[in-house]
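> Please read through the structure below; I'll follow up with questions.
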Protein chains: 10
Amino acid sequence: MISNRNQVTEMILAAKVSKGIKWSEVSEKIGLSKEWTTAACLGQMTLDKKQAETVGALFGLPDEAVAWLQIVPYKGSLPTAVPTDPLIYRWYEIVSVYGTTIKELIHEEFGDGIMSAIDFSMDIQRKADPKGDRVNVVLSGKFLPYKTY
Amino acid sequence: MISNRNQVTEMILAAKVSKGIKWSEVSEKIGLSKEWTTAACLGQMTLDKKQAETVGALFGLPDEAVAWLQIVPYKGSLPTAVPTDPLIYRWYEIVSVYGTTIKELIHEEFGDGIMSAIDFSMDIQRKADPKGDRVNVVLSGKFLPYKTY
Amino acid sequence: MISNRNQVTEMILAAKVSKGIKWSEVSEKIGLSKEWTTAACLGQMTLDKKQAETVGALFGLPDEAVAWLQIVPYKGSLPTAVPTDPLIYRWYEIVSVYGTTIKELIHEEFGDGIMSAIDFSMDIQRKADPKGDRVNVVLSGKFLPYKTY
Amino acid sequence: MISNRNQVTEMILAAKVSKGIKWSEVSEKIGLSKEWTTAACLGQMTLDKKQAETVGALFGLPDEAVAWLQIVPYKGSLPTAVPTDPLIYRWYEIVSVYGTTIKELIHEEFGDGIMSAIDFSMDIQRKADPKGDRVNVVLSGKFLPYKTY
Amino acid sequence: MISNRNQVTEMILAAKVSKGIKWSEVSEKIGLSKEWTTAACLGQMTLDKKQAETVGALFGLPDEAVAWLQIVPYKGSLPTAVPTDPLIYRWYEIVSVYGTTIKELIHEEFGDGIMSAIDFSMDIQRKADPKGDRVNVVLSGKFLPYKTY
Amino acid sequence: MISNRNQVTEMILAAKVSKGIKWSEVSEKIGLSKEWTTAACLGQMTLDKKQAETVGALFGLPDEAVAWLQIVPYKGSLPTAVPTDPLIYRWYEIVSVYGTTIKELIHEEFGDGIMSAIDFSMDIQRKADPKGDRVNVVLSGKFLPYKTY
Amino acid sequence: MISNRNQVTEMILAAKVSKGIKWSEVSEKIGLSKEWTTAACLGQMTLDKKQAETVGALFGLPDEAVAWLQIVPYKGSLPTAVPTDPLIYRWYEIVSVYGTTIKELIHEEFGDGIMSAIDFSMDIQRKADPKGDRVNVVLSGKFLPYKTY
Amino acid sequence: MISNRNQVTEMILAAKVSKGIKWSEVSEKIGLSKEWTTAACLGQMTLDKKQAETVGALFGLPDEAVAWLQIVPYKGSLPTAVPTDPLIYRWYEIVSVYGTTIKELIHEEFGDGIMSAIDFSMDIQRKADPKGDRVNVVLSGKFLPYKTY
Amino acid sequence: MISNRNQVTEMILAAKVSKGIKWSEVSEKIGLSKEWTTAACLGQMTLDKKQAETVGALFGLPDEAVAWLQIVPYKGSLPTAVPTDPLIYRWYEIVSVYGTTIKELIHEEFGDGIMSAIDFSMDIQRKADPKGDRVNVVLSGKFLPYKTY
Amino acid sequence: MISNRNQVTEMILAAKVSKGIKWSEVSEKIGLSKEWTTAACLGQMTLDKKQAETVGALFGLPDEAVAWLQIVPYKGSLPTAVPTDPLIYRWYEIVSVYGTTIKELIHEEFGDGIMSAIDFSMDIQRKADPKGDRVNVVLSGKFLPYKTY
């Protein structure tokens with residue numbers, strides 16, 4: 001009996017390690033970006049029937065798991081409010097150190113509102129650099145103005 | 001008596017509102033990006049003597065405040081571990097929902113290590129879009145591999 | 001020196017009590033709903049110049065405070081993550097008890113996405129009822145589907 | 001051995017996904033609103049014998065589970081005090097941003113007291129809108145005045 | 001400038017100590033129970049005009065404070081979620097140790113619902129006992145059944 | 001292997017539901033109040049040999065469980081510091097709203113000390129009322145004065 | 001205006017440092033143990049009129065402060081739930097490491113109940129030891145058995 | 001497979017209840033104080049080979065468990081930072097109420113430093129008292145002065 | 001099915017105890033420092049194929065576990081934000097007491113930036129001392145200056 | 001009136017910035033290490049009379065502040081349990097990632113016990129390195145074995 005999406009994510013992770021599958025391969029099979037695809041496999045996005053079947057075939061999942069991939073998951077991928085993992089913490093730190101800066105600059109440009117985390121995309125790339133390669137990330141979110149009523 | 005950087009940040013914010021100064025103007029005067037400049041004025045970065053005097057003149061700060069701008073601050077700009085402000089929360093949400101995805105993809109490309117939040121820059125731009133303009137943010141951080149010893 | 005919006009909210013609350021002003025009166029003067037108007041006076045929304053001047057005149061605020069009303073505030077009106085006030089707690093309880101229900105039903109109708117809290121309005125009304133009058137609240141938020149990319 | 005309601009909720013969720021049942025279908029069978037019915041199936045409400053048997057038959061639950069559906073559950077559907085799921089968080093955010101506003105307006109209309117979360121109903125509807133369909137939610141709670149004694 | 005009820009509570013406490021007033025005396029002057037009266041003076045209840053003026057006269061409060069006593073306060077009298085004061089902690093402990101017992105017994109008698117904390121009264125009395133006097137507290141709250149809809 | 005009292009409580013709850021036993025019946029069999037008896041079955045009190053055997057027979061518990069009922073348990077019945085269940089929360093709210101009031105009135109009557117939660121009893125009764133029946137609870141705790149030394 | 005006991009504690013601490021008073025001297029003047037006396041001066045115990053006047057004279061406190069010393073304080077002397085100060089943390093650590101041991105041994109000797117922290121005394125002494133002097137602390141608390149009813 | 005000390009502690013507790021063993025008996029067999037022995041059995045101390053074998057024989061533990069008893073455990077015996085169990089809470093309360101007092105008096109006698117919780121012993125005894133027997137606890141910890149360098 | 005690194009760490013710890021393996025032996029086999037090797041076995045570092053196979057052979061791990069050792073783990077080895085184990089707590093205390101000192105002195109020497117915890121090594125040694133042997137730890141981290149842009 | 005050490009620390013920090021004093025200069029004047037001296041000035045250590053007067057003269061402190069420097073402070077230099085400042089966080093991260101490793105290795109070498117944070121010294125040095133200078137920190141703490149009794 002599978003009663004939540006976490007169980008499916010654990011199946012995917014176990015199969016990924018034992019079969020040596022890469023996220024970029026999954027992404028290619030699905031035909032979507034590696035960012036969306038990985039998030040989906042990690043239990044954060046909802047797949048349509050065809051995507052779910054592709055993922056199911058790739059990782060050798062049972063039908064019940066394939067059905068769960070098509071259900072909207074309870075989102076949030078971290079075990080604690082402040083993440084302990086150093087790579088993820090650096091992102092938390094960026095929000096902590098630059099949070100008020102980001103707020104000020106978006107408001108200066110757009111006025112009151114937010115940058116959407118739903119109508120949103122992310123692209124992570126390696127950028128070669130003689131002083132040490134860099135991680136380049138582009139975040140794109142629709143600006144949503146606060147409604148006056 | 002000024003005994004911490006917060007007091008200087010409050011002076012800057014008070015002066016900014018009453019004088020109607022824009023961050024982009026400060027940035028131009030300093031000759032650095034608006035992102036670094038704003039973070040510095042909000043108490044997250046250290047200014048050199050010339051930068052501090054420019055900021056001091058612009059906002060009408062006393063000498064003591066100008067001296068404090070040149071001291072490395074205790075960083076972290078948010079009053080709570082999980083931010084309540086909707087704009088900043090969306091960034092926290094991105095870390096929460098995409099945290100494990102970002103981790104997987106950086107490791108898949110670079111191996112074990114982190115994306116630096118210190119050798120780091122950020123660029124926030126408006127991107128026109130007929131369906132609603134977007135906030136485009138480019139984050140660039142040096143990849144630092146875990147050392148084996 | 002006013003260095004944050006809270007100070008302006010406190011001025012408004014102090015004046016409201018000593019002058020006996022009602023939120024509905026402020027709302028009428030501003031020409032917007034009592035919900036948006038009250039939230040704005042309580043430091044959660046940004047006023048335009050004319051609205052800020054109207055509010056300033058009504059509550060007898062200094063020019064500096066009127067300037068602050070036009071600055072996007074750091075939002076979040078509660079002192080603790082779980083509110084202690086019984087009226088506000090009941091709303092937290094609705095989210096706690098019905099949270100997964102709301103999630104299931106919106107997803108069943110719309111698929112994956114959220115109900116916006118930005119492109120959002122709220123209307124609070126008394127509904128007469130022989131068994132005891134009721135508070136009727138209509139919340140309206142645009143559905144935003146998760147983007148696939 | 002079933003020793004708490006959570007185990008029953010997990011059985012229902014597992015069966016819902018594998019059988020492809022919709023909450024609206026359950027609601028029709030039970031003859032009550034989809035909001036109350038879903039909350040009940042998710043472990044937040046108490047069913048009477050007939051309702052429990054209907055739910056048991058629909059989801060193929062064992063007798064022990066049907067008995068548990070008739071026991072008042074320990075309520076609260078969220079794993080953390082501040083929810084991580086974006087859809088549910090938006091509701092938490094509404095309480096955080098509008099909490100003091102809701103309090104002020106209910107007190108202005110009714111005096112001291114609360115809006116009941118027990119003598120309470122909720123109705124969630126899609127509202128077509130050319131700019132993007134909206135989620136319309138009507139909350140109705142009896143006003144309960146604070147007793148003086 | 002008085003901008004919240006806490007300031008009024010502090011004035012009352014300061015005056016109570018320096019003037020040596022007893023809660024029972026205030027209660028007699030107000031003509032209500034000592035429990036409601038004390039809670040009101042400690043910032044948890046709303047007074048009507050006459051009650052507020054009586055309290056104001058007794059404690060020598062300024063007019064602005066008397067006005068604030070007539071405003072519905074933000075309730076919750078404790079500085080931390082788990083109280084440190086031993087007397088108040090014992091009550092928290094009763095909820096912690098007996099919480100599920102109280103829940104079971106009220107549901108066994110009344111079915112699903114709650115004991116109201118709004119349509120509620122409390123009476124605290126000394127009960128003489130040769131083995132040591134006892135504190136006897138009677139709590140009375142209306143039972144509110146969960147609504148089915 | 002039973003290694004803590006929680007496992008016994010779960011056995012009791014499972015048996016209670018499947019056998020349809022009432023707490024009042026257990027209380028009668030034990031010959032003590034329904035409040036103490038229920039708390040004991042829910043893992044908060046220690047039973048003597050005869051009481052444990054009676055409970056064991058009633059719920060069909062194995063000998064090992066009967067032995068555990070006679071061991072002093074680690075007390076505290078709630079999964080979180082602030083309870084999410086609405087019925088239990090109302091009691092937490094009473095402590096939060098009336099905590100300082102209770103403290104003031106007990107001290108006014110008795111001086112410095114506490115109301116014992118150990119030399120303590122509780123009685124929960126239905127009180128008929130034409131405006132809606134009420135839950136009446138009598139708490140009785142010995143007053144313990146702070147020792148001076 | 002003095003509105004809480006903390007203000008009095010701060011006055012005492014300020015005077016203690018500037019006048020170079022020792023707790024043992026205060027204890028002698030009061031005629032009670034240094035443990036009770038210190039706790040009282042630090043805002044945890046209630047003094048009678050004579051004791052309060054003695055303390056007031058010793059530290060040069062105003063009449064209002066002397067009155068506050070006779071009011072039962074809101075107890076709890078630490079700024080955080082887990083103390084950061086190393087000396088006090090060691091005591092927290094003793095509770096953390098030995099907590100279940102203390103519980104087991106008191107129950108083995110006395111049955112179910114607690115060691116009172118109210119009918120309680122403490123004695124702290126230096127014990128000479130060639131390997132390094134030791135702090136010897138004797139805690140004495142009345143055993144209070146859980147009441148059966 | 002035993003992968004942590006907790007599993008061994010659970011085996012000991014289960015055996016203790018089913019076999020009716022007393023801590024004082026274990027202590028006698030080990031030849032050390034009942035305090036150290038109990039703490040060791042509860043997973044807080046490290047046993048040597050002979051002690052571990054004695055404990056293993058007494059409680060009927062497998063060899064793997066006997067090996068784990070000789071491994072230094074991850075210490076801390078409480079499930080929450082603030083303990084819910086009333087007996088253990090009273091000790092937490094002593095630290096909370098008397099924490100600053102203990103600090104002041106040890107510093108007044110010894111200067112800056114701490115009372116060790118490592119070079120530490122504890123002795124718990126019943127002390128007969130006509131007004132009710134008392135729990136007498138002697139704590140002895142070496143004073144460790146802060147090093148200047 | 002192994003679905004996370006923790007399961008592998010538990011296998012290693014179980015095997016270590018039952019086989020009596022020492023970290024220094026593992027370190028020798030791997031050919032790296034005992035600090036890095038232990039951290040890797042405890043689930044904090046990523047092993048290459050050869051290292052993983054060596055560890056697998058030593059502890060008798062299944063192939064799936066050996067595969068997991070080569071996957072970058074979710075880091076963070078402690079169950080709570082403030083560690084309860086006394087040895088680890090002392091390190092937390094050093095950060096708490098000396099945190100601001102370390103910050104001041106690194107900034108005085110190097111300017112704004114951090115000491116890397118990634119390009120980092122640690123060496124733990126026993127240092128004989130007639131007054132009691134000491135633990136000597138050398139931490140070495142690359143200084144990373146904050147980037148100006 | 002100075003009522004706690006924090007006020008003295010703030011005076012020192014304010015004077016340090018306005019006078020441009022370096023910690024190394026203070027250290028030289030005091031004749032102790034820069035680590036101990038800085039910690040003392042930041043409110044974590046106790047100065048003797050001569051040291052306090054030297055610090056007082058250097059920073060221009062009033063007599064009352066000089067007296068406070070000689071009082072043992074309530075230690076702990078960080079505003080939150082998990083530090084937000086990136087430099088200090090890296091140290092917290094070392095404890096989080098390497099905590100169990102440090103524990104294992106010290107126990108493997110010394111048996112059960114701790115590394116003292118009291119009989120402790122720290123030395124922070126710049127170590128030139130062609131790939132980027134490093135921060136080298138030597139921590140030295142006496143090993144304290146757990147006492148058996």
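Yeah, the Cβs are placed from backbone N, Cα and C, and that goes for glycine too.
TrEMBL lists C:77-149 with the feature domain 'Cyanate lyase C-terminal'. The active site annotation in TrEMBL covers C:ARG90, C:GLU93, C:SER116.
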> Give me the DSSP three-state residue breakdown of the domain 'Cyanate lyase C-terminal' (C:77-149), ordered helix, strand, coil.
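Helix, strand, coil within the domain 'Cyanate lyase C-terminal' (C:77-149): 25 helix, 27 strand, 21 coil.
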> Restricting to the domain 'Cyanate lyase C-terminal' (C:77-149), report the mean pLDDT as a whole number.
98
> Within 10 Å of the Cβ of C:ARG90 (active site), how many other Cβ atoms can you find? Include all protein chains, please.
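Total other Cβ atoms inside 10 Å, all chains included: 24.
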> To the nearest whole angstrom, what is the C-alpha distance linking C:SER116 (active site) and C:GLU93 (active site)?
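The separation of the Cα atoms works out to 20 Å.
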> Sequence gap of 6 or more, C-beta under 8 Å: which same-chain residues meet both conditions with respect to C:GLU93 (active site)?
none
> Under 8 Å Cβ-Cβ to anything in chain A: which of these active-site residues pass, C:ARG90, C:GLU93, C:SER116?
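Listed in sequence order, the active-site residues near chain A are C:SER116.
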> Within 10 Å of the Cβ of C:SER116 (active site), how many other Cβ atoms can you find? Include all protein chains, please.
21
> Listing the active-site residues C:ARG90, C:GLU93, C:SER116, which lie under 8 Å (Cβ to Cβ) from chain F?
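Qualifying residues, whose Cβ lies under 8 Å from chain F: C:GLU93.
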